[in-house]
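Working notes, beginning with the structure itself.
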Amino acid sequence: APSPTTAVPYMSVKCIDVRKNHHKTKWLMPWGPNHCEKLKDFDEAVSKQIEANDIVFAVHIPLPSKEMSPWFQFMLFIMQLDIAFKMDNDLKENAEITLDVSLAYRDDMFDDWEEIAHAIEIRKLKCTFGSPKTLESEGRHYDCDFLPFMEIGSVAHKYYLINIRLPVNERKGINVGIGEIKDIRLVGIHQNGGFTKVWFAMKTFLTPSILIIMVWYWRRITLMTRAPVLLEKVIFALGISMTFINIPVEWFSIGFDWTWMLLFGDIRQGIFYAMLLSFWIIFCGEHMMDQNERNRLSGYWKQVGPIAVGSFCLFIFDMCERGVQLKNPFYSIWTTEVGTELAMAFIIVAGICLCLYFLFLCFMVFQVFRNISGKQSSLPAMSKARRLHYEGLIFRFKFLMLITLACAAMTVIFFIVSQVTEGHWKWGDITIQVNSAFFTGIYGMWNLYVFALMFLYAPSHKNYGEDQSNG
């Protein structure tokens, strides 16, 4: 598959929007048949006596002679400001920039633009200046961090238009002391259509395979004369959560404008993570052969509790970011002090829970292996059927434990890397190129793991003769 996402740089065009000879439409196009009246730079605006309030930065998505496609799945935009140093117009400490932004779409080059969203957003400027602030340095640019700008959860239309105004009001102190802005650049990130097709194909292929093994597995359990044990129920629940992730509802996003698909995808993945982590704890606990509190979910509340708290924190955090973006795509939790602190708090709490969980899991695995090696010494004294039963259990457990540890390590790496790549644009850190092999590989690994669990832990229908009753 091609790489998962593509980043496209856009340069905004400065349009004049003077109310006296007002345009037929309030939307200003940067190019094309009815494009706006353009400015080269702000010096030209000064000479023509055009005020800052009459300048609109226009960006058309995509670039000329291209069109967007529903296969792109989402659009994420990052803003970068080119700010020059001027002695008489310096950038203040903790400066804030106020943006009056509008987003519109159309599906035909000759249709009218339809508004999707309009908002007034405030972003904090984090800029550094490498040279001393003297007359010689005038005109040099500040080094500014990327600003989160916009995120949309579906690409249902062919053409999009962004109009950005920087309203100036000296009395209220709006957009004062933000330095001399030369240009506004945007970086648009969307999923590659080729990757989307591979992803959909994988989901469509894997859904029936997990469903079939689930039906087979549950049939095996119902054939038994006894009630299903806790471990069997948990494996079945894990199968259900895997199927929930697998079902390719994304096919509908090609025909419908469902902006909530990103949020829905996050919730599905969250449920699976929580189920997988709970399963690993119960899986180890049920193999501690000398434990009294076995086969009851209530015996695991101390271990499953932190997982539930961590999952709930991440769910609240996601609702605060992506939930609000359904109404206002320009919203970002990272733009305000309180929002950033809250977001970081949620992520840190979830991170601490994950670390505690991992340490506890390692401790449990160590205990189980110690238990099992003690049991192995008493195997030769057992009756044949019982010995076979225990040898089978021990082999299956050791085999699955190795796979589980590999799976856990890969899942943790995947979780951290995907958070860093998402956060990279928000925090302006190092970039990590995650290729499709990693995404498809992890996803395939989860499916194989769940498949193997059901296959190896389905109760045996074989009868070992009269010897069985002793065990």
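Using N, Cα and C of the backbone, Cβ positions are placed for all residues, glycine too.
Taken together, the residues in the domain 'Wntless GOLD' (13-191) have a mean pLDDT of 86 on the 0 to 100 scale. Residues or ranges marked as domain 'Wntless GOLD' by TrEMBL: 13-191.
The domain 'Wntless-like transmembrane' feature in TrEMBL is assigned to 192-461.
For 198-218 (among others), the entry in TrEMBL reads transmembrane segment.
The annotation transmembrane segment is assigned in TrEMBL to 230-249 (among others).
Residues or ranges marked as transmembrane segment in TrEMBL: 261-283 (among others).
What TrEMBL lists as transmembrane segment is 304-324 (among others).
The feature transmembrane segment is assigned by TrEMBL to 344-372 (among others). Under 8 Å from some Cβ of the transmembrane segment (344-372) lie the Cβ atoms of residues 277, 280-281, 284-285, 287-290, 303, 306-307, 309-311, 313-314, 316-317, 394, 397-398, 401, 405, 408, 412, 419, all in the same chain and six or more residues away from its ends.
Taken from TrEMBL, the feature transmembrane segment applies to 393-417 (among others). Counting only same-chain residues 6+ beyond the ends of the transmembrane segment (393-417), those with a CB under 8 A from a CB of the stretch are 273, 276, 280, 283, 287, 354, 358, 361, 365, 368-369, 372, 375-376, 432, 434, 438, 442, 445-446, 449, 452-453, 456-457.
What TrEMBL lists as transmembrane segment is 437-458 (among others). Sequence-distant neighbours of the transmembrane segment (437-458) (same chain, 6+ residues past either end, Cβ-Cβ under 8 Å): 1, 4, 198-199, 202, 206, 209-210, 213-214, 216-217, 220-221, 231-232, 235-236, 238-239, 242, 245-246, 272, 276, 396, 399-400, 403-404, 407, 410-411, 414, 417.
Under 8 Å from some Cβ of the transmembrane segment (230-249) lie the Cβ atoms of residues 200, 203-204, 206-207, 210-211, 213-214, 217-218, 221, 261, 264, 268-269, 271-272, 275-276, 278-279, 282-283, 286, 294-297, 446-447, 450, 453-454, 457, 459, all in the same chain and six or more residues away from its ends.
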